[in-house]
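If you look up TrEMBL, you'll see 362-410 marked as coiled coil. TrEMBL lists 25-165, 375-722 with the feature domain 'ABC-2 type transporter transmembrane'. Per TrEMBL, the feature transmembrane segment maps to 21-41, 546-565, 586-613, 619-639, 651-671, 703-724.
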Amino acid sequence: MSSMGPFLRLAKRDFDHVTHNVIALVVCIGMVVIPSFYAWFNIAGSWDPYGNTANLKVALANSDEGYKSSLLPVQINIGERTVTELSASEKVGYVVTDEEDAVEGVKSGKYYAAIVIPKDFSRKMLTVLTDDSEKPEVIYYNNAKRNAIASIVTSKASTAVKETIDETFSATVTEVGAATLSQFGDYLNDAEFQALASKLGEAAERSSGSMRDAASTLDTYSSLVGSMRSISSSATGVADQSLQSVLDAGGTLRQTASGVRDLDSGINGATDAVNSTLQKSSSSFDDVESALDDAFDTAGSKSDALSGRLGQVKDVVDGKRAELQALDDQINSQDQIIRTLHDRQEAGSVAYERTDEYILQIDGLKSDVEDAIQRLQALSDSIQQTRDDLSTYKGDAEEARTKLKALAADGKSAVSKVSDSYEGDLKGSLGTLASSIDDAASTADQVSGELKDAVSSLSTATTNADKSLQGAQDSLDSASAKLREGADKLDDLRARISAALASGNLDTLRAILSADPSALAAFISSPVQVERTAVFPVENNGSAMAPFYTTLCLWVGGVVLAALVRCEPSERAMWETGAKPRHAYFGRLVFFLAIGFMQTLVALLGDLFFLGIQCEHPILFLLTGTLASTVFINIIYALTYSFGDVGKAIAVVLMVIQVAGSGGTFPMQMLPNAFQSVYPWLPFVHSENAMRAAMFGIYGNDYAIEMAKLACFLLPALLLGLLLRKPVVRLNHWIEEKLESTKLM
């Protein structure tokens, strides 16, 4: 607590001075409230600009003279009808005027744009029904000088004009043609009427073909999407099967790991037992030789006494042989364990080759142990033979003594060989094998878990992709079906016309061509409708821009703080509180963070309750603003504390870069490459993304990920303020002196 004392006293001193000074308190209130105005005015100003596009004046000038042909013996004016349709639109403020006023009005700024329909427009439009078709043109004038956004909006208007003309042409030609046939058919002679019907049949056939071509194109795209769905579905099935396989494999791996650890335990246990047996056997043969000498020396020529002592020695030798036999059984068990592990390895692998070497070493050890057992058996049999000879007074005691000692020496040599072989080769190898087994078991468990996570993620991703592809395929199939429906109607019309022409029945032909003109025109002009579905819908443009302007106002608040409040406490404050430089850094930082928190509350609560922005998760929205303010103020404070006035300038430069490169107004993909490169490293980006998730809806972990990325900027800011200050302090003082010497700065 002693190290925190000066830091707390310094922070308390700052707040006391502010609350007891009216001017300072007023300035602090201004610092809290003023940055919010930047966000509020901009959000309110951009609340619904596209709802006011009717105020944009766009001139409409129709110079079309209309056209009458032998095919359609009535005056048709596509331009006039287009102007009528457009002037009824409320999306743009269309003003109907003449060509001269339209062009001059764009130049003078009276109109933002002008659309001029030339005098031969209808004639060129109707050439589509002939063999020598010409493409009609609409002249579009745009005054880009007046306003950048207005130019974009009015250019959209020109696109709307083209779409309207396309629909109007189809509707007009169809309706006028049908109405003309219905109204004026009686005035045509038979030959003229038949020629007209034949032309219409050919036009219907061409239109039907075009519609079927378009439907086929859509079918191709639908098939492509269907193939992608099949791939996605297959991937989902494979992922599910793979997941189950991985789970099964994980169980097998865990069982294998458990078995491997059991092998490890068995190897270690057997190793300890073998080691103990060999040590006892090797040292005990010294006792056997001593016992033989003692038996012959003590008993002398007394055969009964010597036989009894030799019986005791025989018991010792038999005990050692039994121990070696038990050792042989342990080695056989150990050999079985190693062979089991060997069978589980892939042929040719490192583990396979290594266990193969261990098996050869164990086989060699087994051979040595069996040789030692045979030698001990021979010694035991020789001792028994000596005892039998003594009981029948056969044989020479000294000769028997020499023979038995030689056999005992052979037995000791065999056991020593076993011990040396075990200690020199196999013992270390078994220890290494046990360690490798344990590592393999641990790795098996880890791999099983990682595979399970990976396949689970793949399964989720393919399921989501399949849903999106299904929606796209349904839309394409629906559009294709409607186009084919229209083509079928045209084919039916053409077939009926052809049949009537072939039969020469003009009354039937007139009845066919006198169908409802309006209904036919409406369908031909717009056979397909688009169904729009908003994902994470945004109610208005102001709410859409709120994350950008709110984030910007929080940075502006930090810059205002750095400009009006000194980062370094005075020498008197340091002396009164007993603070050291590190205490001074954090003590004044507390004041900055407190003002920043109040700026955040005012700005975000104003967004929510004063402006009424759309927000699905208000608490998360406030939490995002609090973290963003904390990060921004730490960065600005560290720059100012370390570099003084230069640091303030750097903070402003960073703000400018982030305004341009954070994607607040345009998507990141539309920005120049330089801005796309720095995009992930800008704090604005992650603050805006987290706010959008809180306001419009969270998908998966996107909110938590953006908050974590934003918090990552705290550590570099603290390191900058605490470590870089000392090396540059003299440079800062020199810059300040030079600025003060100008008597201007």
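Counting begins at 1 with the first residue displayed.
Any Cβ shown, glycine's included, is placed from N, Cα and C.
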The average per-residue pLDDT within the coiled coil (362-410) comes out at 68
Under an 8 Å Cβ to Cβ limit, what residues of the same chain, 6 or more beyond the ends of the transmembrane segment (651-671), are close to it? 545, 547-549, 551-552, 555-556, 558-559, 562, 635-636, 639-640, 678-679, 682-685, 688
In the same chain, which residue numbers or ranges, 6 or more beyond the ends of the transmembrane segment (619-639), come under 8 angstroms Cβ to Cβ? 550-551, 554-555, 557-559, 561-562, 567, 588-589, 592-593, 596-597, 599-601, 603-605, 608, 647-648, 650-651, 654, 683, 687, 690-691, 693-695, 698, 703, 707, 710-711, 713-714, 717-718, 720-721
Residues of the same chain, at least six outside the transmembrane segment (546-565), with any C-beta under 8 angstroms of its C-beta? 27, 31, 34-36, 38-39, 42-43, 588, 591-592, 595-596, 599-600, 603-604, 607, 611, 613, 625, 628-629, 632-633, 635-637, 639-640, 647-648, 651-652, 655, 658-659, 662, 664-665, 684, 687-689, 691-692, 695
Mind checking which residues of the chain, 6+ beyond the ends of the transmembrane segment (703-724), have their Cβ under 8 Å from one of its Cβ atoms? 582, 585, 589, 620, 623-624, 627-628, 630-631, 634-635, 637-639, 641-642, 683, 686-687, 689-690, 693-694
